[in-house]
Amino acid sequence: MSLVLNRTDLLVVAGALFLTFLTTRFIRAAQRYHLPPGPTRIPLLGNLHQVPLHDQQKTFAEWVKKYGDIIYIQLLSKPFVIVSSVRAAQDLMEKRAVKYSDRPYFLLLCEFVMTRPLMIFMQHGDRWRRLRRWYQGSLENKSVLEGYRPVLRREIGRLLSSLAEAPQDFMSHIKRYNGAVMLDIAYGHRVTSAEDEFMVFADKTISTVTSLGSFAATLVDFFPILRYFPAWTPGSGFKKQALMAKEMWDEMEDIPYRKLRHEMGSDAVNRSFTTFMIGEVSHDGKLGADDEIDIKGSATLMYVAGSDTTMTTMTTFVLAMTLYPEVARKAQAEIDHVVGLSRLPGLDDKDSLPYLECIIKELYRWNPPVPLGVPHRLCVDDNYRGYDIPGGSMIVPNVWAMSRDPSLYPDTKTFRPERFEGLDAQAMKFRDPRKYIFGFGRRICPGRYLADSNVWLFLASVLASMDIGRAHDAAGHEIIPTPSFKDGIISHVEPFQCTIRPRSERAAQLIRESTGNTSA
């Protein structure tokens with residue numbers, strides 16, 4: 001027996017020793033904490049081999065049946081806690097907000113794509129608090145929100161007209177509508193067509209960035225050392241795509257901002273979030289470089305976050321009304337009784353239309369726009385229900401699982417607004433989907449009131465003036481669409497067929513009149 005090992009033997013021995021070392025560390029780390037339950041982990045991979053590439057929220061929801069609503073998993077060396085009930089999410093991210101308000105470090109986005117991270121991706125600190133105050137002043141102030149009503153009403157009129165003229169393109173019209181609303185509010189930019197230069201470019205940019213991977217879960221997020229490797233080395237191919245994404249992202253931030261700065265001081269500029277912030281933070285008409293970067297980023301986030309998710313809820317509404325026409329008829333009867341046939345509903349009618357409010361809640365529940373939310377990060381070790389949650393854990397709110405909680409929502413697959421009728425405030429504390437689809441605690445979406453008003457006005461206006469029905473095939477048979485949603489950060493509705501037409505000649509007249517009406 002030779003005492004001299006060849007190179008292959010040495011590699012095998014070294015590998016075995018390394019695996020033994022990692023396994024020992026893995027076992028000791030697990031023993032140090034009384035972790036929440038979860039699927040069995042293995043050294044090196046953790047649970048990576050058990051997490052699917054697609055529809056992760058559904059897999060995590062299945063795990064709830066076995067492990068409960070707080071699940072611990074480990075992806076390579078990163079600890080994750082999947083939170084799948086409203087109660088647990090509120091206990092952790094709201095009642096213990098001091099510990100749970102941080103964000104994980106989005107390495108790819110923050111170091112390769114964005115000059116500075118947007119507020120939604122920013123870690124907790126003074127700069128985050130400053131930008132949060134900006135949004136609160138523009139999106140959570142009642143008088144400021146009322147100032148956006150003419151924009152909503154003007155664009156609703158254009159949307160109804162487009163739906164009447166070319167109903168088959170309803171998804172494109174809804175997309176244009178939301179983009180137009182947010183561009184006007186963010187920059188004062190008026191959109192006249194779905195081919196608006198900025199909207200088209202922004203759509204391409206967002207698609208490019210989202211194709212890089214999920215929040216804080218790309219290869220370089222797990223292996224930060226890859227940031228130092230040349231682009232040609234294995235595992236570093238993301239750099240080329242990230243460079244292209246950065247160029248596009250910078251341009252997306254610059255195009256509307258440059259246009260607005262050029263127009264400021266002239267009659268061509270419209271009041272907007274950006275003009276307001278420039279006036280607030282400039283000194284003697286001049287902006288510091290840091291302030292300019294923050295204003296551009298904040299306006300970009302307002303557009304990106306406000307247009308895409310709201311569009312999803314609106315297209316989900318069209319799908320739901322196609323599948324459940326009895327819901328539309330019940331809502332139309334309520335609107336006709338309360339509002340009448342001489343005008344379209346306005347936001348002042350909101351409290352008088354309770355069934356419409358139930359429909360909105362059910363839309364949020366039936367297809368939550370961001371199924372896995374945006375992850376939080378636990379700053380320090382914590383203990384919940386007797387379980388240890390290690391500091392640094394990524395806290396993932398499984399919003400989709402919350403919306404499918406059978407203890408809150410019987411028959412979860414069915415679109416049934418009546419489930420929200422007659423519930424008191426205590427019941428709504430956990431059942432109202434607004435309690436979880438907009439985020440939690442200090443990280444709750446500051447644009448939620450604007451988004452909610454936007455969705456309400458869209459639903460009320462379409463139901464009051466339009467009939468949504470099922471399309472027919474060449475043989476005259478009804479085409480019943482399958483409720484199908486794209487896998488991704490945002491749960492977009494898959495394309496489907498339906499019919500949309502004015503309810504009556506009087507409704508058609510109201511649609512024509514609405515294009516010049518800015519009273520919401």
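Using N, Cα and C of the backbone, Cβ positions are placed for all residues, glycine too.
Feature annotations, courtesy of Swiss-Prot:
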type: BINDING; residues: CYS445; note: heme binding site
type: CARBOHYD; residues: ASN6; note: N-linked glycosylation site
type: CARBOHYD; residues: ASN141; note: N-linked glycosylation site
type: CARBOHYD; residues: ASN270; note: N-linked glycosylation site
type: CARBOHYD; residues: ASN517; note: N-linked glycosylation site
type: TRANSMEM; residues: 10-27; note: transmembrane segment
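Features as recorded by Swiss-Prot, highlighted on the structure.
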| residue | record | CB count, 10 Å |
| --- | --- | --- |
| ASN141 | N-linked glycosylation site | 12 |
| ASN270 | N-linked glycosylation site | 15 |
| CYS445 | heme binding site | 20 |
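Distance from the CA of CYS445 (heme binding site) to the CA of ASN141 (N-linked glycosylation site) is 14 Å. The separation of ASN270 (N-linked glycosylation site) from CYS445 (heme binding site), Cα to Cα, is 25 Å. Secondary structure from DSSP puts ASN270 (N-linked glycosylation site) in coil.
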